[in-house]
Amino acid sequence: MAKLLSCVLGPRLYKIYRERESERAPASVPETPTAVTAPHSNSWDTYYQPRALEKHADSILALASVFWSISYYSSPFAFFYLYRKGYLSLSKVVPFSHYAGTLLLLLAGVACLRGIGRWTNPQYRQFITILEATHRNQSSENKRQLANYNFDFRSWPVDFHWEEPSSRKESRGGPSRRGVALLRPEPLHRGTADTLLNRVKKLPCQITSYLVAHTLGRRMLYPGSVYLLQKALMPVLLQGQARLVEECNGRRAKLLACDGNEIDTMFVDRRGTAEPQGQKLVICCEGNAGFYEVGCVSTPLEAGYSVLGWNHPGFAGSTGVPFPQNEANAMDVVVQFAIHRLGFQPQDIIIYAWSIGGFTATWAAMSYPDVSAVILDASFDDLVPLALKVMPDSWRGLVTRTVRQHLNLNNAEQLCRYQGPVLLIRRTKDEIITTTVPEDITSNRGNDLLLKLLQHRYPRVMADEGLQVVRQWLEASSQLEEASIYSRWEVEEDWCLSVLRSYQAEHGPDFPWSVGEDMSADGRRQLALFLARKHMHNFEATHCTPLPAQNFQMPWHL
């Protein structure tokens with residue numbers, strides 16, 4: 001009876017992975033008391049085969065889940081319509097509650113039938129036995145056997161806790177349960193006395209901004225967190241996850257962040273290969289509709305690096321909602337996991353981000369300044385200009401206030417706090433992070449990210465002459481135009497390198513540098529163009545085109 005109840009309440013099983021001979025426990029090693037024998041790959045097909053009762057019950061419950069999601073998103077309009085028609089009176093609500101209760105009882109009955117179907121299936125009984133054993137005792141053998149299954153990630157046991165590193169428990173400066181530290185935006189009206197009257201005046205605007213951010217704004221900014229989209233992508237995500245596990249020996253893990261969110265991660269270890277880049281770990285930060293199963297992790301994987309992918313809060317197996325604070329909390333536990341559990345030193349970690357993932361990447365670079373390098377692909381400097389592009393002009397004040405208070409993705413500000421090597425990859429046909437049309441490369445917000453970084457690091461070089469010539473270089477839409485501008489100013493790379501190395505040897509590596517202070521205008525132009533070319537590479541593609549492995553290069557450094 002206990003096993004039947006476990007089958008009723010257990011998670012949905014999607015797939016049984018092929019188990020490789022090298023991963024099986026040696027026969028001479030005794031099993032732990034709670035360990036169970038895992039099925040051999042040749043006994044069952046790798047796709048889980050549910051019995052007819054479980055299959056049909058699952059279909060009914062999945063359909064009910066979709067209807068519930070649609071009802072949830074359309075509930076404001078439905079309530080408004082019912083109110084106008086007078087259907088919200090007590091005499092009509094009571095019968096409706098009876099219908100709803102009957103429907104819930106029917107769905108509970110369907111769930112019980114699904115449990116009976118699972119109970120009669122030896123595959124599911126084997127799986128639930130391993131899952132229960134792992135929850136009782138998270139031994140390496142039990143976790144190895146559990147990794148052979150792909151199931152509802154909510155039931156996966158936690159592998160790493162944000163407080164697990166001993167340094168976190170002893171330090172008072174680390175993150176608290178309220179979250180890690182973020183850079184806060186400056187007040188919109190500086191110098192204004194924050195009196196009670198001013199607070200009351202601001203209250204309606206603050207309430208409106210909060211409602212916009214937590215309803216329409218968050219879903220527009222992170223469409224991958226919408227349940228219906230995830231449901232539609234489920235087959236593709238399962239296929240991508242199977243590829244990572246079966247072909248790349250990926251290891252899935254659940255991390256518990258300081259805000260209580262559970263973060264779904266996938267680690268591919270290449271340290272045992274002959275390729276030297278396998279000793280480096282690339283932490284991948286996905287876009288606003290990206291998942292590690294089908295996202296940018298493929299680029300460093302093809303290049304031979306060890307890779308750690310993770311899903312945003314609210315994406316696939318990760319819980320929570322993707323607000324900036326939750327995003328930073330998730331990134332923090334991912335980096336801690338890489339250092340304290342996977343055994344990588346910060347100097348061997350590369351942060352790689354695509355699109356909106358630049359926010360968590362720049363936060364990690366700011367908070368963990370010893371990381372080896374940062375690579376930002378198709379990213380931007382600030383969210384406000386991009387938000388204003390897609391919203392009516394009359395909403396400008398509301399949009400700006402909402403972004404600054406609740407969705408403040410200040411990538412450039414965070415990146416300027418990092419002292420290490422940086423590479424920016426600009427898509428020349430980007431249709432997402434341009435503020436006009438994709439063909440207008442001058443409106444690509446990656447340009448502003450580069451300018452802000454160079455102006456912070458080399459303020460004397462990026463004075464009037466340097467800023468002007470870099471803007472001209474950024475207007476070039478082809479490699480031929482870039483080379484033409486570069487040769488027009490006769491940039492001597494050897495001279496530029498010698499100037500930078502001499503300054504570094506005399507003053508140290510910490511930015512900002514005052515190099516270029518006593519330099520001629522031509523010298524500043526040469527140095528500005530040289531630095532711009534070293535910090536940004538162009539990729540002739542649209543926003544969502546996968547980055548080829550040959551374009552994944554380490555940033556320049558002296």
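Placement of Cβ uses the backbone N, Cα and C atoms for every residue, glycine included.
Annotation source TrEMBL lists domain 'Phosphatidylserine Lipase ABHD16 N-terminal' at 3-152. Per TrEMBL, transmembrane segment is recorded for 60-84, 96-116. Residues annotated as domain 'AB hydrolase-1' in TrEMBL: 281-407.
Counting only same-chain residues 6+ beyond the ends of the transmembrane segment (60-84), those with a CB under 8 A from a CB of the stretch are 107, 110-111, 114, 227-228, 231. Counting residue by residue with DSSP, the domain 'AB hydrolase-1' (281-407) contains 60 helix, 21 strand, 46 coil. Secondary structure of the domain 'Phosphatidylserine Lipase ABHD16 N-terminal' (3-152), assigned with DSSP and counted as helix (H, G, I), strand (E, B) and coil, comes to 96 helix, 8 strand, 46 coil.
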